[in-house]
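**Student:** According to TrEMBL, the record shows the following:
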- A:55-77: transmembrane segment (TRANSMEM)
- A:89-116: transmembrane segment (TRANSMEM)
- A:136-157: transmembrane segment (TRANSMEM)
- A:164-183: transmembrane segment (TRANSMEM)
- A:208-231: transmembrane segment (TRANSMEM)
- A:260-280: transmembrane segment (TRANSMEM)
- A:317-336: transmembrane segment (TRANSMEM)
- A:342-361: transmembrane segment (TRANSMEM)
Amino acid sequence: MSETTTATQPAQGSQPSQEFEKVLSGSATQVASFDTNDKTAVQKFQHFLHGNPSAVPLIVLVLSVAVFGIVLGGKFFSAFTLTLILQQVAIVGIVGAAQTLVILTAGIDLSVGAIMVLSSVVMGQFTFRYGLPPSVAVLCGLACGALCGYINGLLVARMKLPPFIVTLGMWQIILASNFLYSANETIRSQDLAAQAPLLQFFGNNIRLGGAVFTYGVIAMVLLVALLWYVLNQTAWGRHVYAVGDDPDAAELAGVNVKRMLVSVYTLSGLICALAGWALIGRIGSVSPTAGQFANIESITAVVIGGLSLFGGRGSILGMIFGALIVGVFSLGLRLIGTDPQWTYLLIGVLIISAVAIDQWIRKVAG
Amino acid sequence: MALEPILTARGLVKRYGRVTALDHADFDLYPGEILAVIGDNGAGKSSMIKAISGAISPDEGEIRLEGKPISFRSPIDAQKAGIETVYQNLALSPALSIADNMFLGREIRKPGVMGSVFRKLDRGAMEKFARDKLSELGLMTIQNINQAVETLSGGQRQGVAVARAAAFGSKVIILDEPTAALGVKESRRVLELILDVRRRGIPIVLISHNMPHVFEVADRIHIHRLGRRLTVINPKDYTMSDAVAFMTGAKVPTEAIAA
């Protein structure tokens, strides 16, 4: 193969082969220098926020607690009131954890609330209609949530349908199934307490002085801590971020993107079912009409928490701070005695500000 | 050449609807060489490379690695077999750190219970490995191994992608247009990287439109035209204009290819 046939010109010279590259040996050897000294305080702050995406909601949370504390005094700044906020936030926090996983993969899950309610109805009805032991009924409820999530995952990953459309459809399907199956029937709190106290497990509480921690609150904190660990310290967690960042790049780099997406949606469904169980503990009864706004509330918590709806950016801790900010505003404004519409108005302002701040922080990387 | 080729393809066919991207294409890569693949846009270079790197599966034909037939169903299969590819878009996750990117899909876990039960990543080991590999390739102008890839320059990103391939590619490394987006100086650095990888005995497939770069580093040049291999030339025997003439059909090679 090395026979010479028509060598018209001598081969190219030795390296560097091109004339214009010869001057490279004399070029500056200085590499990119990072100017870390002469930055204004604002720029330093911007860099800090870029490295710590959950710092913004934390600052807002601390400020809002401080402001309401000053305005309302002891009425707000008591162990009882502050733990009451935690109780009110517990359900949104658990559902928000599920939403966080999905949004980190650049998806969105509109069916979280519906999965939660259907799972709680399955837990209640399996116990009372079929006479199953409550522990088995709870397992069936958790399986029901995981199955709904698995269907979402299959449709998104295998059928390549947009997550918004898939979960919009599943929201309606699951909610309708919920009403058809339960015949719009509520299981009363007294019956649950008498026959299946396990279903109200998350309503139990621990009292420390004036502070009241329900098991639901503890479950939320443990769940978020666990997911924080998984997202930051395991390969699966890094893959969630990689898939949300750039699914094609992740695939080529060696991540099984389809399997990853199915596992994320399934886990999200399972967490929603857990939220359904906690919901029974919170409201005492099994009601097919409960938790109607869980999907919007969870997305609100995620957005205020500084997570990007385009995926791959943000921390689950931000989500919990976002949920707490909403909780602080709701209760604080109610204690002041304003029209509840002011709460919604302010939450709307917070959502838009959160995204505006996110854009500003991102200019660092520009 | 008495050596057996390390990677061969025979009669690869790939159709997309009515378009035939690969029309019985052949391919040979010998141990320790740099094989450049050139061809016009739409000649089917990318399809052939994707078939070899597992990103697509050909409709017909056979690929052999070290004499054994292989069929990849995904890039992960090819990576497991020791074939690493640096894609034109680099396949890096911008928000993740350099170390996270280098180990994406093959992370190291902590030894003992923390790794097997709690699946905890061994950050320290991964960062050390990444730093060693980057220094080995002369790329340690990066200050912090934990900085996000999106904060790196284009040349540095290319370096990270090449370092990843060089670190894990045990049999073959494929580079798709590695200098297309780079400046003069950065291109020179990547060409040096390529020669450095060859010095360590790993054969390289280089896809490029940049003729001076191809003629400088390649041992053989595979010219692709109309979905198949037209000829393989030795860059010492032909000029760049000959190569362009073959590639565009302005001239027909006189000798049959020696495969």
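Cβ atoms here come from the backbone N, Cα and C positions, even for glycine.
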**Student:** Is the transmembrane segment (A:89-116) packed against any residues at least 6 beyond its ends, judged by a Cβ distance under 8 Å, and which are they?
**Tutor:** 145, 148-149, 152, 156, 163-164, 167-168, 170-171, 174-175, 178, 202, 214, 216-217, 219-220, 223-224, 227, 231, 240-241, 243-245, 247, 260-261, 264-265, 267-269, 271-276, 278-279, 282, 291-295, 297-299, 301-302, 305, 307-312, 314, 316, 319-320, 322-324, 326-327
**Student:** Given a Cβ distance threshold of under 8 angstroms, which distant residues of the chain, six or more beyond its ends, lie next to the transmembrane segment (A:342-361)?
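**Tutor:** For the transmembrane segment (A:342-361), the list is 46, 49-50, 53, 56-57, 60, 300, 303-306, 308, 322, 325-326, 329-330, 333-334.
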**Student:** Please identify the stretch among A:136-157, A:164-183, A:317-336 with the greatest number of Cβ pairs below 8 Å relative to the transmembrane segment (A:55-77).
**Tutor:** A:317-336
